[in-house]
Amino acid sequence: MELNTKKKLHALSLAEKIQVLELLDESKMSQSEVARRFQVSQPQISRICKNKEKLLADWCSGTANHERKRKRESKYSGIDEALLCWYHIARAKAWDVTGPMLLHKAKELADIMGQDFVPSIGWLVRWKRRNNVGFGTRQVLVPLFPPEAPPAVLPSQAQPPLSLKDFSPEDVFGCAEVPLLYRAVPGRVFECDRLQVLLCANSRGTEKRRVFVGGLQAAPRCFFGVSSEALPTSYHPDLAIPWSEWLAQFDQDMGQQGRQVALLLASGVVEEWASLPGLHHVRLLPLSASSTTPSLPGSVILAFKAHYRHRLLSKLAAMQSGKEGTSLAEARASITVLDALHMVAAAWAKVPRQLILSSFVQEGLAPGKTPLSLDKDTEMSPVPSGLSQEEFSHFVDLEDEDPGPRVCKEETGTEDSGREEDGFEPLPTKADALQALCTLRRWLECNSASPELFEKFYDCEVEVEQLCCL
């Protein structure tokens, strides 16, 4: 008779856990009865119920390994997700993806993100298991007789194309690429200061996607010490927006939320990306071929650019008044790409929900009967002092002007001028952050700041002090 016998642990795969959830939802069986059926303990069934939402999100993502019993989170989740996006793009282009290619690409992505990471064979094996990835050429047996052609579908039996009426307003999204000269000032335009901004929001204005920005610089000096997750927007080192990568991330996010959404795009773009594999939760809806309306209403784009220009002029004015003798050109040259990303995020957050909702309805891009009436003051950012309404409106659309190539050559590298000899500036310490709080509070005290402003400062002070304690 064996005395020291250990009960063998029986772990359930993801597919079996989904069966457990379905059984509990569809029948009147108790957790104990389900546990006996699957030959596991009742606490294990209880944990499955507790993690129901996460398990369903993994199941719906389309990338999870359904037969895997345990899921370990990757230490380098950012690299993990970026490599998965690249892998889907490569497979969509019918590339023969190999292990060495993935290892090389993972190291390249880690360098771009500023992470000290060296991928190994073991890491690659675990990455493939986590994301249910397999690659390599497969031999396909050619049948002796060609398969019969499927019967033709009569027009009456064909499924009608999806339209806006098939989605709720919260699940209808529009997007637009917006060129932005992030350091432009009235009367001076520099082509080398160009960014490409991708904005996306739903027709209710209740959900704005994280801004995606493409830039000319692969690794700006101002990004030193800042992880990609800490950037206020997503950044891509190229003015050409990687649509397949962005769509794959959008689809993954919607899958985790268990949603089916529509993305409005120009008819030509929809035809180009219709064959993109892996889009399970985002349906591309084409605008009419004769339509000149962008999928994100023009008034929304104009409001975003107006808020950005207003914030830029305020920042330049503060720089000039803060240090005597600072010219407008010097203040403009000190604006970095990182400064621009922060101002882009702030400007996008400033676009009111009511404006987005009204604009979608007015242009017929969302289900609705009558557009909402908005005050003109809420549609545009207030005109900065020193400019007329006409001058500010022209300043907002400076991207339409044609800058000379000579100016672009003169402005190359102005952002990093004066720093090349000393290298990168040292990163601020916790002591520097606390001292900066003291300096800011003292300045507010000496300039008779309002109680409302002090309340905002106190909130910031508490957050910074808590970060310093970590």
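Each residue, glycine too, has its Cβ placed from N, Cα and C.
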Could you check which of 69-99, 100-130, 255-285 is flagged in Swiss-Prot as DNA-binding region? 100-130
DNA-binding region per Swiss-Prot sits at which of 31-51, 157-177? 31-51
Average the per-residue pLDDT over the domain 'DDE-1' (167-360) and send me the rounded value. 86
